[in-house]
Amino acid sequence: MANHSIETLSTPDLEKAQDKAPEDSQAMEPELVSPPTTKEDSEKTSYLVSLNPEDDPKYLSTFRKCLIVFIVSTGALCSTSSTSMAAFAEAGIVRDFHVSKEVAILGVSLSVAGIGFGPLFAGPLSEVYGRSLIYRVSYSLFWIFSWPVAFAPNIYVFLIFRFMTGFFSSAFLSVAGGSVSDLFDNHKVGVPVALYALSPFIGPMLGPLVSGFINQNADWRWTFRVLLIWVFVETVLIFLLVPETYEPVLRQRKAKKLRQATGDDRYYAPLDERQVSMSRAILTSCYMPFKLLALDRMNLLLDLWTAILFGILYLAFQAWPFIFGINHGFDVQTTGLAFIGIGIGMVIGCALNVALTIRNQRKFKGVDAPAEERLTTGKIGAVVVPLSLYWLAFTTYRNVHWIAPIIASVGFGAGFLLCFTSTFTYLVTAYRPMAATSMAGNAFVRSAFAAAFPLFAGQMYEKLGTVGATALLAGVMTIAAPLP
């Protein structure tokens, strides 16, 4: 790592600023400022602050970059795991709070709904106030609001704060993509995004696995007490090890330090010229993702495609008890273990995606590939997903060994991951520097579907049976296959 943090004003910068004569506006070193373009604006542009290599997060050591990506990835993993952990606590919630199963399912749906709304604020605001502040505030509030969930006295408190924890944990599902984009150039971002993209989708698989064991052997409240400990650890890591990486904010901080060090108020960064009130910023934060969805057909279609996929993933939390609990007689913790097939598939999909990304990088030999090249893996996933769902549908009979549907779910997991990583990488590269805004729109649409699908899953599987209901989902994904 460099001798100083990326957020610290370097000694050479300070010396250059102090040596600069106020009347000589064109004597600045090119490292510090952008060169003037015309005589008219030469004085102003000579004080426009830019980053030196030692200030730029793209020049951090590989170890430091990997550490930051690891922490934001585990933050996303924790966030999405928290949504699905409630699925296997439903029996205890029904018993202790005297509510119906449909009301208990809201523990999952409201958390996912919160994750859908959160990025509308966190994503675009991170492009004004930086990534680090959003991470710290959101995860601190995630931890604080997890306490009422773990010790809820009634169903009202439980459901309200499930929504709140989803809302505040959502930063890593929109902002983290921007952080990865901050750390790597376009032609190198594919592999890190592929590794990051695995974490929010492994989370929904990890949640039932952990929750199944807890609810089989302890009170359902321990599901959320374990989550409380995990969130605390993540919060500490965020404060200690994740610096600011957003270049416009780093330039703004550097300009402020130069003004303080030299007493010259003419040093500025582009963000200093933004005259936007907090209310205006929040309004824009909510407005921009929907504007992007409304005006960009590519963005809208890809978001709808991934939203259907995400809805099917969350629908599985209600479908698996039918397939493995009723048809094959699995208990709670063993049904949770049945999700391991999707998890293994996602790991395979991630490895395949990394291999294809490396191949793509060699093809373009360090040159930025067109953003649409990122959708190549999505085309493979678009075929694999419906095929695996058809396989799953016609192996759910009781007289078919339980390993057959689990193997089918491996294919679904692999195809799912290929579809999502291709979409994520496309959004990060095609909409730079609005990556967080585009990811916020994607998170909202897919979370809306994920919140709705579990609510009708039980009725659908009761009416159509495991074969008919799963085949219906396969048919929907067949129709959606041409989208990428």
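Each Cβ is built from the backbone N, Cα and C atoms, and glycine gets one as well.
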Range annotated as transmembrane segment in TrEMBL, from 133-150, 277-294: 133-150
TrEMBL annotation of transmembrane segment - which of the ranges 67-88, 155-176, 375-396 it falls on: 67-88
Proximity verdict for the transmembrane segment (337-358) and the transmembrane segment (464-483), three or more C-beta pairs under 8 Å: no
Maximum Cβ pairs under 8 Å to the transmembrane segment (103-121) - stretch from the list 222-242, 300-317, 440-458, 464-483: 440-458
Non-local residues, at least 6 beyond the ends, that sit with Cβ under 8 Å of the transmembrane segment (300-317): 83-84, 87, 108, 112, 201, 204, 208, 293-294, 339, 342, 382, 385, 389, 416, 419-420, 423, 426-427, 441-442, 445-454, 457, 473, 476-477, 480, 483-484
Mean predicted confidence [pLDDT] for the domain 'Major facilitator superfamily (MFS) profile' (68-484): 86
Cβ pairs under 8 Å between the transmembrane segment (67-88) and the transmembrane segment (464-483), at least three: no
